[in-house]
Amino acid sequence: MVKSYLRYEARSVFGVIASPTGNAVFDHSGKFSITAALESVIVWDIKKGTQVARWSDSDNKAEVTCIARSPNGKDYAIGYADGSIRLFDLSNNTVNVVLSGHRGRVSALEFDSTGTVLASGARDTDIILWDVVGEVGLYRLRGHKDEITGIAFVAGSTVAGAASALHASSAGYIVSSSKDTLVKLWDLRGRHCVQTLVTHRSEVWGLAVSPDGRLLVTGTSDMNLHVWTLDMAKLDSVADDDSKGEASAKNWEAISEYGSIQRASRDRVVELRFHPSGLYLACLSADKQVEVFRSRQHAEIKKKMARRQKRHREKRGKDKADGSDHEGSGDDDDEAETAAITAADELTSFKVIRTSAKPVSLDFNPAEADATALGRQGGMHILVAQNNNSLHMWSVPVPPPGKTTKQANLAEPSLVSSVEMLGHRSEPRALAMSSDNELVASAANKSLRVWNAQTGSCVRTLECGTAICAAFLPGDQYIVVGTKEGSLELYDIPAATLVETFDAHEGTACWSIDVRPDRKGLVSGGADKCVKFWDFELVRDDSSSAVSRRRMTLEHVKTLKMSDDVLAVKCSPDSRLLAVALLDTTVKVFYADTLKFFLSLYGHKLPVVSLDISSDSTLLVTGSADKSVKLWGLDFGDCHRSILAHQEPVTAVRFVWGTHYFFSAGKDKLVQQWNGDNFQRIQRLEGCHGDVWALAVAKHGNFVVASSQDRSIRIWEKTEEPLFIEEERERELEEMYDRGLEESLDRPEPAADGAEEGDETQRAGKATMETLKAGERIMEALDIADEERRKWAAYEDQKRRMPQLNPAPPDTNPILQFERITPEAYVLRTVERVRAADLEDALLVLPFTHVLSLMAYIDHWACREWNTALTCRVLFFMLKTHQNQIVATRTMRAQLASIRTHLRAGVRVQRDYVGYNLAALQSLRADWEANATAEFFDEKDIQDILDTQLKKRKFTGLKA
């Protein structure tokens, strides 16, 4: 009989506040923060420090790399490391759209001003424009040679007024920066690059465009920010002159150099961002500071220019008096230089925010776009995500309206609120689980946190040393932590205090702790080549004077000297044996009572870093840095099996109580379950995005906890779903095959018909397993419909030729009979169920024979006016893709003529619908404006009118 197991499924992830791979942004109200948290996105209430919502997709395992906020304040674009983009809705926390087009991690996302077009850049050097409403990719822009670092939309002067009438994707411009040191300006109307800036000498790490579209700021690795001016009128004149054939080289220079401003930091720029009011610019550097620049007002610039010209005139007068003045055209040039405004005159350093760790991203509060209100409230808020798993919101004081910075006497930036209590600042290196499986303790550098295993909430937070190992003491009221400094730290959980510190291993690392099975003490092993035995003692607490109470302490009773550093210790559950792993790659087994030598286990090529003994004290499992796991018998010390368990060094092994099943974790980001009797791998648990450092298994294997280098703590729970090893191996092989197939599909596609090899514009789609399966479903639907139509055509033909036989009608396909649908409607429904973003790539899978079959159904859909928009999209894509083959097929001419006739009638009906609806909407808008608009008059003007009317009505008395 085939043995079955129970499957483990991922249950929860906690301990991550903000992952360093992604950014954090405000929501539209400025109350919440949308933050990247590995493969999920967390919505935080910044002031309360609580989690409001968590966005995740069960089909996604890649990390979040980029987040962008839509102008409508409801949709958020999330970019992932696998190149996909998902649109989440803040109101219902659901995924609206999944867009696949990039072949590398998404590095830049930006919405246009209408929120209907999304531009994305990635490591694959491509820029893709997406139609958010239509949920499709518009086109791909190619020209950069390295990863895209920044994207910004720029609207032309004629585009802004016509934005409502003209689709945003067909007009306007995009500025992009890349690690190839280039900044490019793209014309969306012509879909090509119109200008390239080549003056940067190193990678361009960020760019920002001012809200009014006048300034462009770029940041590199040098100490200066480069500032450029954008001429809107010249941008539009480029396209107009090009259409007339009158473009000149001078007209193409739409971006002009404005100057540079010096930064306080010596490290490279990480991010640049303008305040929504346009008055401030924030520069995020790779060191621990955020520099804020202020834009001077026009009056301040005039005063600065007047002072500079005055100094220049005084210098010239002094030179003339000394007789060193040289006449010539140089004086006019100097005068022109002093009269010209540069970037340093307009942008000046304002404030510097000093952070506790390296910042990853920043964002301004979008609700503070009003400059007047910003000055009245006295400060602006900046959200900073740091690489130590924390989120901070800073308040930067700004001068009130009408006052300069010197007059306002502003204070320094202050930290308003932060989210840092729900995660470690560094990676947790040790895990411990309470005896009732209700609490999980995680220890990292300088922090010890106790979590509720069911809810994932943080129960206690304590400061500790550089923790390496930890264990709950009997009763689950105390935790002992072994540190890199060689001390044992004893903590009281209910009181959240450090009870006592013991210098256990003379300043060397304490690598392992294990509580003895008799629950009367513990064993510790360290780098001082000693295994020390400690007993639990209850002593009177002298610090509490009000109430006499007793507390736990440790008493050192004996020491076992070893020949090398001790890396791991473990007592057998029957209290008979003690296993000690040494740095010399061997494992020594001693009798626990007399400490006499029993066995020496050797065979590993590198040191054993973790070991465990089964509950029946018969098996010992060891995990080594040589990537292998070995199973040993404790009766004779024989090696039962050596398994190459991981692709990287093994970091932890744990048995499941009452069984010979055990779990192993390694630096290959995997946790795996094994059967110690037949040495087979049962299941592979994925999800971690970094090295797995520690494991903890519940008493009877109900769930497994793992801590990773990505600072996350993950729990996999045992379910009731049966698992068979043969089926699991088949599933893993299928996944491996699918990954290989995706890699073969995931390659740059050749240029389309009529397009040159170096064309800057290409199709935005990407072939994936989803598109391949969608194409197969369409082919299956076409085969079923063709077979059904063929049977009924033969039945009608036989009925017409031999009516006297009265033939029986053919059997309907079970699928069509169950759905009660015609073959033509069945094919249409299958096409409609394909995601809009995957439709074009799914149609590319169809062979030409199925294309000819699909054209017949398109004619039927056009005749019946079924989903005219989808019919047109499918038809136009098929004609564009298979143009040469369709033109060469003579039998298609009559069918194409029929499609043209039917489709024109259907499009005409749709045009009338759209026109009618637009007219109705314009009428409703006019009525609303008439009712909602109030006219205001000046009180003085009204009084003057009344006085004039009174004078006209004044009567003069007549004398008698």
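Cβ atoms are placed via backbone N, Cα and C, with glycine included.
TrEMBL labels come from automatic prediction, so no person has curated them.
What TrEMBL records for this protein:
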type     : residues : note
COMPBIAS : 304-315  : compositional bias 'Basic residues'
COMPBIAS : 316-329  : compositional bias 'Basic and acidic residues'
COMPBIAS : 738-750  : compositional bias 'Basic and acidic residues'
DOMAIN   : 823-925  : domain 'Small-subunit processome Utp12'
REGION   : 298-335  : region 'Disordered'
REGION   : 738-765  : region 'Disordered'
REPEAT   : 99-132   : repeat 'WD'
REPEAT   : 173-196  : repeat 'WD'
REPEAT   : 197-238  : repeat 'WD'
REPEAT   : 421-461  : repeat 'WD'
REPEAT   : 512-537  : repeat 'WD'
REPEAT   : 601-642  : repeat 'WD'
REPEAT   : 643-684  : repeat 'WD'
REPEAT   : 685-717  : repeat 'WD'
| message | Can you break down the repeat 'WD' (512-537) into helix, strand and coil residue counts using DSSP? | response | 0 helix, 18 strand, 8 coil
| message | Quick test of the contact rule: Cβ under 8 Å, at least six residues beyond the ends. What residues does that give for the repeat 'WD' (512-537)? | response | 469-474, 480, 482, 486, 488, 502, 504-506, 552-575, 578, 580
| request: Would you kindly list the residues that approach the repeat 'WD' (197-238) from elsewhere in its chain, counting only those six or more residues past its ends and only Cβ-Cβ distances under 8 Å? | output: 146, 149-150, 152-159, 173, 175-184, 187, 247, 251-263, 265-266, 268-274, 276-278, 281, 283-284, 293, 343, 347
| said: For a three-state summary based on DSSP, what are the helix, strand and coil counts in the repeat 'WD' (173-196)? | reply: 0 helix, 16 strand, 8 coil
| message | Using a threshold of three or more Cβ pairs below 8 Å, and leaving out pairs closer than 6 in sequence, do the repeat 'WD' (421-461) and the repeat 'WD' (173-196) count as in contact? | response | no
| request: Find the average pLDDT over the repeat 'WD' (643-684) in the predicted model and report it. | output: 94
